[in-house]
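Per Swiss-Prot, the features are:
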type	residues	note
DOMAIN	1-158	domain 'Obg'
DOMAIN	159-329	domain 'OBG-type G'
BINDING	165-172, 190-194, 212-215, 282-285, 310-312	GTP binding site
BINDING	Ser172, Thr192	Mg(2+) binding site
DOMAIN	337-422	domain 'OCT'
Amino acid sequence: MFYDRARIFVKGGDGGNGCVAMRREKYVPEGGPWGGDGGRGGNVILRADGGLRTLVDFRYKRHYKAERGRHGEGKNMHGASGEDLVIRVPAGTVVKDAATGELIADLVRDGQEAVVARGGRGGRGNARFVTPQNRAPRMAEKGEPGEERWLDLELKLLADVGLVGFPNAGKSTLISRVSAARPKIASYPFTTITPNLGVVRVDDGRSFVMADIPGLIEGAHKGAGLGHDFLRHVERTRLLVHVLDTAGSEGRDPVQDFLVTNRELSLYNPALGRRPQVIAANKMDLDGAAENLARLKEAYGGKYEIFPVSAVTGQGLEALVYRVSALLEEIPAGAAVPEALERPVIHQAGPRFTVCREEGVFLVGGKEIERHVVMTDLKNEEAVERLQRIIRRMGIEEALKEAGIKDGDTVRIGDYEFEYVE
């Protein structure tokens, strides 16, 4: 079975906790704080692998978590960073945030990587909090939790040439004759329900990858037939070979079929309508093909190269393969492949925090304050006092008062709730 969609959960490693330790050594009076920092959590990284062809591995395992950072220790020993978790995906995989639909990465080249969940920062040890007013702090930060999210993975095959056309036009038979691909072939519509890849080798030593795309029908751009499931696989190809049932053996008109298929490609993605293509006038061994070939040449011969072929007998396939190979030499290798895309680092201007009231609870939002809260050891009185100073310094307390907070009201910051005391 061919799997070209998957949904997975990824979580970066949590940062290690900072350490509270005091230096106690002979001949070292007033040793002072000596607690080391926690290590950073590992990142979750997706890496494109040209040797993979489907997303089937994600059918059996959907949750991935990187290693957390080690905790800090005494003697100012910092914890080791967590190891990154590298997940291999097929080249051509598009990565999106499942919740927002945001495009995170488009991994199109072998070895290309994208960080999809960053590890949390390690907490600072008590040695970091020495001030002239507090020479012996007995508090440390907890490690920051790693990023977590659900991802939608979508594979768009990477092939040089795409075979397109109506069902039963002979695409699968053609690819089986010019390559070692062995797709299922039968005389009923939609025999091919998954894309097939084959390497076509030319006598002069050149080769290219050909993809047999399941048959398209009118309305495919709206999802009719196999529609959206496989139209996206055509997007990566550099050249299209339009396979037509020239004999009209299925009761269709090849001249009209060509128009319909090209219209569907353009409606799905306008760039596909401009993609270079040649016509493989197939089934020339059947009655009626010669007459329709003449009509095709009259209608499209001035704009497209037309090759009379028979995938069954092999007629004309050598000339088609040689010409396709020559055309690929003229088309840049990356012409249909987008520039490598990875989630950019965005610095958003705006307020450091927000304050609002919902159902009697005061909600404080903001990445900075939420990080301070989650990294504070709320069981440590000294750490809580530091958090209160941060809240006042950021202006959050003043904003809460302006919002009408009273003694005993509940304040929620991230996943934590506090009681406001004047």
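The backbone N, Cα and C atoms fix where each Cβ goes, glycine too.
Distribution of Swiss-Prot features across the structure.
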| residue | record | DSSP (3 states) |
| --- | --- | --- |
| Gly165 | GTP binding site | coil |
| Lys171 | GTP binding site | helix |
| Pro214 | GTP binding site | coil |
| Lys283 | GTP binding site | coil |
| Ser310 | GTP binding site | coil |
Summary of DSSP states over the domain 'OCT' (337-422), given as helix, strand and coil counts: 29 helix, 20 strand, 37 coil
PLDDT averaged over every residue in the domain 'Obg' (1-158): 92
Under 8 Å by Cβ from Lys283 (GTP binding site), same chain, sequence gap 6 or more: Gly170, Asp245, Thr246, Ala247, Ser249, Ala289, Ser310, Ala311, Val312
